[in-house]
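What TrEMBL records for this protein:
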- 1-223: domain 'tRNA methyltransferase TRMD/TRM10-type' (DOMAIN)
- G112, I132, G133, D134, Y135, V136, L137: S-adenosyl-L-methionine binding site (BINDING)
Amino acid sequence: MRIDIISVLPELMESPFQTSILKRAVQKGLAEVHFHQLRDWSIGKHKQIDDEPYGGGAGMVMMIEPIDKCISELKSQRDYDEIIYLTPDGETLTQKIANTLSIKKNLIFLCGHYKGIDQRVRDLHITKEISIGDYVLTGGELAACVLADSIIRLLPGVLNDEQSALTDSFQDNLLSPPIYTRPSEYKGLVVPEILLSGNSKKIEEWLHDEAMRITLEKRPDILD
Ligand code: 6GU
């Protein structure tokens, strides 16, 4: 998979891809992440990329020309499955969306800033708009990192068996059951006996019952 991320602040997104699991995914060639500084497609000697909104109002608007030039150049090099605009008014990211995007080959993420982008960019190029939740960030960059992380960890070979994405919360519309590790007792707090029993069938049943109980308690809305 290849992800091209367009932003005025690409440096904000470097470390997540230089650390731990995402770093290894990139090193193994399972994911390619390319950053594009939007100012490289800016106009005039002032490197302008934003301007005042027509009709007035507070805040600046990201101009169509630099974004169109950048996206058009990328599109001339390969076919993209989706061109995604990260925006608080997009569709809220879910595990289902991450799953769907994880089987694509080439993606563009466009990070918004200021008041947003000229509507004509959305009409011309954008195929999907994604938000990571009902709150407002200073820009789309952190959301782009969240989206990329949720997708890349699903690519075959990125996680090992112990980290398997198949047992994630949400993957089967259930939250994860409680987990424990040594010691079996700490300051009088004990691990449920069943987990120490060695009876794998009983343990599996218990884990499923606990997952169900916790989902009913915390997130009944995600149950089928
Ligand atoms: Cl994608 N962008 C911004 N600026 N704020 C957000 C968001 C995106 N998702 C949630 N809040």
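Each Cβ is built from the backbone N, Cα and C atoms, and glycine gets one as well.
Automatic prediction, not curation, is the source of TrEMBL annotations.
With a 10 A radius on its CB, L137 (S-adenosyl-L-methionine binding site) counts 16 other CB atoms from all the protein chains.
Cβ contacts within 10 Å of D134 (S-adenosyl-L-methionine binding site), excluding its own Cβ and spanning all protein chains shown: 7. Long-range neighbours of G112 (S-adenosyl-L-methionine binding site) (same chain, six or more residues apart, CB within less than 8 Å of its CB): M62, Y85, L86, T87, G139, G140. In this structure, Y135 is the one among the binding-site residues I132, Y135 with the smallest number of other Cβ atoms inside 10 Å of its Cβ. Taking a C-beta cut-off of under 8 Å and a sequence gap of six or more, G133 (S-adenosyl-L-methionine binding site) has these contacts in its own chain: T92, L93. Shown in sequence order, P88 are the residues of the chain, 6+ apart in sequence, with a C-beta less than 8 angstroms from the C-beta of V136 (S-adenosyl-L-methionine binding site). Taken over all pairs of the listed S-adenosyl-L-methionine-binding residues (G112, I132, G133, D134, Y135, V136, L137), the Cα spread reaches a maximum of 16 Å, rounded to the nearest whole number.
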